[in-house]
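One structure, pasted below without further comment.
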Amino acid sequence: MATETTVAEHGAEAAKAGIPQLEFAHFPNQIFWLLVALVVIYVVLSRIALPRIGAVLAERRGTITNDLAAAEELKQKARDAEKAYNDALATARSEAAKIVAEAKAEIQKDLDAATAKADAEIAAKTAESEKVIGEIRAGALQSVTEVAGATAQELVSVLGGNADAASIQAAVAARLKG
Amino acid sequence: MAGEAHEEGGLVFHPLDQFQIKPLFGDGPIHWYTPTNVTLWLGLCVLVVVALFVFGTRGRAVIPGRIQSMAEMAYGMVYKMVEEIAGHDGVKYFPMIMTLFVFILFANMLGLLPMSFTPTSHIAVTAVLGFGVFIFVTLLGLIKHGTHFLGLFWMSDAPLILRPIIAVIEVISYFVRPVSHSIRLAGNIMAGHAMIKVFAGFAAVTLISPLAIFGIAAVYGLEVLVAFIQAYVFTILTCVYLKDALHPGH
């Protein structure tokens, strides 16, 4: 402690043995250069560096905000586009369903008409055929009667009988009906 | 104090030689304007500040590079500190506080280079900073609030009998502020540097040199931390004093 006081009192003389921090003779030098350095740093920071960094940070914040807003807008747009697409899809679907139903109905109509026509034709053909069959049947019956009559007459004559044609015919007819 | 240099065998202790102020050119007397090693290291400190904050940000990139990021981080840290502690009206004094922070930080950090000189280890330097802040905030408080500023010492929510006693204590603690403010910084830096030098002296003895070198490394790591923390503490206390000057109501 005594040494320190000596240093403080004698300044540079006792510097070798004491604390350089307490060498008051050097204080003006340090304070002068410190003030110079502080002023230079202050001027550089307040005039150039800090406004610049502040501007960069503000710009970045602005850019981020803008980008977020733009992203939000694009998202909304995408959502709108999706909705429009879905709407269009739904419309197209319902239209397609309508067209399908219409086509089906038309085809059904055509089909019904064709079926009806075919049915009528078939009915006509059937009727005609039935008529022809009837005629044929009648013809056949007639032939059977004639053949039966002739055969009966022959049989009667062969058996030695004599019968007039009329009675044979009546007998055959009666038999055929039976 | 370990100030006395003594030589016994291999042990050579000159832990305080690193704080010597010498003229840069020649060996003449040191006048107030003489360029000394103080000048050199203050100048280097200024250069580093300019390199980081001016050249580092010259691109003004929206997406910052490494150096610009560092400058922005320092800016953001001090800005937030000023805004949170001193309030919105304290932001006006942000460049001043930023100056203090970067000056102390880079003076401390450059001082950790081997063979360097640390301006912030000198009480003359830290006293100018500490008393500068003290005088500034006191004048600011008096100009802004007049006698109302003295309410800082008058605890209106304390019992009436205690108020004068508290006022005396508050006044004393107020005037001790610049002293502790400056000695804290110089003391921390000086003690760390001296300790490294003492370990370096022991490193000359073969037997304990591994331990001494390990000690140097450990103390050096601690000193890097201290260099930052002291700059931070100085700045944050400046913000607190500024808050007292701007809002003396509490």
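Keep in mind that glycine also has a Cβ here, set from the backbone N, Cα and C atoms.
Okay, so TrEMBL annotates it like this:
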{"type": "TRANSMEM", "residues": "B:38-56", "note": "transmembrane segment"}
{"type": "TRANSMEM", "residues": "B:93-117", "note": "transmembrane segment"}
{"type": "TRANSMEM", "residues": "B:123-143", "note": "transmembrane segment"}
{"type": "TRANSMEM", "residues": "B:198-218", "note": "transmembrane segment"}
{"type": "TRANSMEM", "residues": "B:224-242", "note": "transmembrane segment"}
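Let's see these features in context: how buried, what's close, how far.
Tertiary proximity for the transmembrane segment (B:38-56) is limited to same-chain residues at least six positions away from its ends with a CB under 8 Å from its CB atoms, namely 21, 24, 67-68, 70-71, 74, 102-103, 106-107, 110-111, 116-119, 122, 125.
Proximity of distant same-chain residues to the transmembrane segment (B:93-117), defined by a Cβ-Cβ separation under 8 Å and at least 6 residues beyond the stretch ends, is recorded for 18-19, 37-38, 40-42, 44-45, 48-49, 52-53, 74-75, 78-79, 81-82, 86, 125, 129, 133, 136, 185, 189, 193, 220, 223-224, 226-228, 230-232, 234-235, 238-239, 242.
Away from its own ends, the transmembrane segment (B:123-143) comes close to residues 38, 96, 100, 104, 107, 149, 152, 177-179, 181-183, 185-186, 234, 238, 241-242, 244-246, 248 of its chain (Cβ-Cβ under 8 Å, at least six residues beyond either end).
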